[in-house]
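Have a look at this one before I ask anything.
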Amino acid sequence: MAETMAHANDAAASAAASPAPRRLSAGRFPAFLIPVLVFYALFFGYPLARIFWQSVHGEDGFTLVGFEMFFEEPAYWMVLAYTGALGLVTLSITLVCGYAVAYWLVTMNRSWAVMLMAFVLIPFWSSGLVRTYAWMVILGRQGILNSVLLDLGIIDTPFAFIGTNTAVVLALAYYLMPYMILSLYSVMNGIDRNLMLAARSLGASPIRAFREVFLPLTRPGVLAGCYIVFMLGIGMYITPAMLGGPQQTTLPLMIAIQINEAMDWTFAAALSVILLMVTGGMQLMANRFLDFERLWGGAK
Amino acid sequence: MTRISPGRLALGAFSCAILAILIAPILIIFLVSFTPTQMLEFPPSGFSLRWYEAYFGDAMWMAATRLSFLVAGLTAITSLVIGFAISIALVRYRFPGKTALRMLVMSPLILPKIIIAVGLYFLYVRLRILGTTGALVIAHTIIAVPYVVMIVTASLYGFDRRLEWAARSLGASPLRAIWLVTLPNLRPAILGGGLFAFVASFDDIILSLFLTRLTEPTLPRQIWVNVQQTIDPTIAAVSTFMTVISVLGLWLVALAQRRSRRSA
């Protein structure tokens, strides 16, 4: 419909004005994109390609030493496994908590929900660094949690929360929770709740109506939320860096150490390639389940 | 009045707890930044602006703040120009590789930022532009363009093109029609995209860590350096300042979006 209208108007416009607005017709590559593509090739394509190139090049040319180092040392596999596990644990926590919150918000009075949404949006809009720093203030040796626990007499000496898995998981789940809630909320908001009423009126219990009608309809939101949380979770640098100890080393952390401290570009690049492979693999899986046109707000 | 089931009550209590946890750390930093004492204490024993004075009176912190504002402002401009061109191409043209283009442009949202940082680090070292303002703006543009594209494409789909054709049929050149008709109509989206890009740059830490000099850090990098050394309440004051800027910026985006949706 829009297309035919476009053509009709095209014809009208080219009859009225010269030069003919040929660019409105479909199928031609927009020339103004060429500088944009050059920009992306130089500052996005080339850096990514350079990582691959660097991962197999040392000082004396071609080498596989970066990947050999990784695969010969089980401690490095553990880093990879820890990164994945951290992503999965964070994902589970945000999914369970986020689903409850999103469901609660979507089933309440709308004006209340809009107001309560501020509790999700303000952290969502704040810098990740500030929010991670806040957890340092709370969980630090002289932090708020320790002083409260000391005052209450629950502990005698300050507990070292920082450097534990709990601290990293907590702060990471905290950071990613708004992404999950917002993904779920936007999908839940579009579900016609009369469907639930219909199920109820046909004799389904509230739980059954939820499980068999509502839950399947939220699938796109669940998948989108899981995808975003997992992808951001495994790539997160500052949370494990600020709240973890040596035991909480993740792949992004190791990459930074190789660049800043060990100055081993080949190994850093090899680790980056491994991280890229993991995210690329997840992306391929996600391509089968997710409608990216919708996720990126492309199609209406 | 409807009866509230126990299940509903439990769900409400649980959700309230989660929402409280979501806001608590930000509130705590806000309150702690007004502490009169040397140490971070909560609740603060009094009210003082000394840490804000320490922040605004410190040359190093101010230099970092200025750099962050400069980089974010420039990033907003470059990503608007690039993002607008991409959005026009995505919405109004059909060409082979369009889906690939969208994936390419959007991928920095999902790609681990450290990968982008490492790749650009390699490139910038070779080009000898590591640590320059322009180099950081380019890096931030890569991560900010997706937000501009998301907001501007959504708005372009809702734009009535007949307005533009009317201008064309009255003799305006394509660029002039865009300048005089399309752009003013897309003002909320452009404002929103620009603010989003600004905040994306302003809040970035990872690219800054790799691509700035230690002597000329951005605000987040200066926070990062200080966090490693001290638990100084100045950081709480700076953090509060940063939060106010980002939340204000993105709240304006939401407002602009809502207004444009209502008028559409």
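Using N, Cα and C of the backbone, Cβ positions are placed for all residues, glycine too.
Here TrEMBL flags B:65-253 as domain 'ABC transmembrane type-1'. As annotated by TrEMBL, transmembrane segment applies to B:9-34, B:67-91, B:103-124, B:136-159, B:189-214, B:234-256.
Provide an account of the burial state, proximal residues and distances for the features listed.
Outside the transmembrane segment (B:103-124) by six or more residues, the chain places 86, 130, 135, 138-139, 142-143, 145-146, 149-150, 204, 206-207, 209-211 with a CB less than 8 A from a CB of the stretch.
Within the same chain, residues 71-72, 74-76, 78-80, 82-84, 86-88, 90-92, 102, 105-106, 108-109, 113, 116-117, 120, 182, 185-186, 188-190, 192-194, 196-197, 200-201, 204, 207-208, 211-212, 218, 253, 257, 260, 264 sit at least 6 positions outside the transmembrane segment (B:136-159) and bring their C-beta atoms closer than 8 Å to a C-beta of that stretch.
Below 8 angstroms of C-beta separation, residues 26, 29-30, 32-33, 35, 40, 51-52, 54-55, 58, 61, 151, 188-189, 191-192, 195-196, 198-199, 202-203, 219-220, 222-223, 226-227 of the same chain, each at least six residues beyond the ends of the transmembrane segment (B:234-256), sit close to that stretch.
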State the non-local partners of the transmembrane segment (B:9-34) in its own chain: residues 6+ outside its ends, Cβ under 8 Å from one of its Cβ atoms.
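Same-chain residues near the transmembrane segment (B:9-34) but 6 or more away: 40-44, 47-49, 51-52, 233, 236-237, 239-240, 243.
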